[in-house]
Amino acid sequence: MHLYFPQFAFTALDHTVHFFRTLASSTGTDKHFEGSANNFNAQLAIIGPTQVGGLLSAASFGCLACQSYLYFARFTSDGFALKTTVSAITLIQLGQFICVISTLWTMTVSTYGDPSQLSVLPLMADLSLLLSGFTVFIAQSFYAFRLWKLTRSIFLPVFCEMISVVAYTSMVVLSSRAISMTDLTTFINSQTVLIALSWMARGVCDLTTTVGVAWSLKKRRVSDFNTVTMVDRLIYWTLETALINSLISIVTTILFVLQKQNFVWFGVLLIWPNVVGNCLFASLNRRLLLQETRRASGGDIQRRGSSSNTICFRAGATQS
């Protein structure tokens, strides 16, 4: 369902933006006012993606809150570092949720009848982008650390972490510049390279950690049937959750490069951090299914020191 949902969201956003484009173009028949009509069109175009993206972001934050509650209720024995990671993502996304709601209020209520105020992004939208980048940075750091625990090789984890730092630094620079912008269209045109760099770096980092974790898990398969079944399931879950993050980064980059002025990419940007957080929490909470599988099999899963704890994603392995 998660794989088909973004396609539905993109289709709905495209129809919404097409409506606003038609509305704006109907007022620009006079060539003398062509420039102002284009600006008016850009100001209206951002409303639809922001509304749809904001509402979907609120819904996905609800899922994130439920998963956070499930985690703290079921995994009370997890270590401090892992609990801190989950708490940090939850609190940051709560702040991002407040920023998104404030942005929706500004765009649909405060500026109603005067869309010229949307020539710049609301301040809360800029803060939302900053918080979103921080959430994704924490999640990617967790995936890089997990990759190191599995491979015991420092090259790929350090490479992924460096890319993640570059992406987050780009997001911080963009957010600081967005606060002082005077025109949204001019700002986007002048920051195209930096925006695209941030998204491409995210995509490369997600793809690298996904392939690295899946490859490491596959190497750990042994002849025991229960262990093979467990590792195959972990590989499937890794591809299922991590590839969603990679696809969002790639799709958003393509949308931004090819259809910059319809702001569909901005709507996806509002949903993006909650999707990343939900995928991370899902990978943690699915340990419940592994525990049920082990109990149902009636046998003990072969353990190999701390490395096997990493396969099971035990909290102790994330700290040792």
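Each residue, glycine too, has its Cβ placed from N, Cα and C.
The shown structure was predicted, so the numbers you read here are calculated from the model rather than taken from an experiment.
Here TrEMBL flags 204-287 as domain 'DUF6534'.
Residues annotated as transmembrane segment in TrEMBL: 52-72 (among others).
Summarising the annotation, TrEMBL assigns transmembrane segment to 84-107 (among others).
The annotation transmembrane segment is assigned in TrEMBL to 127-145 (among others).
Residues or ranges marked as transmembrane segment by TrEMBL: 154-174 (among others).
The feature transmembrane segment is assigned by TrEMBL to 194-214 (among others).
A Cβ distance under 8 Å defines the sequence-distant neighbours of the transmembrane segment (234-257), meaning residues of its chain 6+ beyond its ends; these are 2-3, 6, 10, 139, 143, 192, 195-196, 199-200, 202-203, 206-207, 209-210, 213-214, 217-218, 264-265, 268-269, 272, 275-276, 279-280, 282-283, 286, 290, 311, 313. The transmembrane segment annotation in TrEMBL covers 234-257 (among others).
Away from its own ends, the transmembrane segment (263-284) comes close to residues 6, 9-10, 13-14, 17, 45-46, 48-50, 52-54, 56-57, 60-61, 63-64, 67-68, 71, 75, 82, 86, 89-90, 93, 96, 100, 128-129, 131-133, 135-136, 139, 142-143, 237-238, 241-242, 244-245, 248, 251-252, 255-256, 313 of its chain (Cβ-Cβ under 8 Å, at least six residues beyond either end). The transmembrane segment annotation in TrEMBL covers 263-284 (among others).
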DSSP residue counts for the domain 'DUF6534' (204-287), split into helix, strand and coil: 76 helix, 0 strand, 8 coil
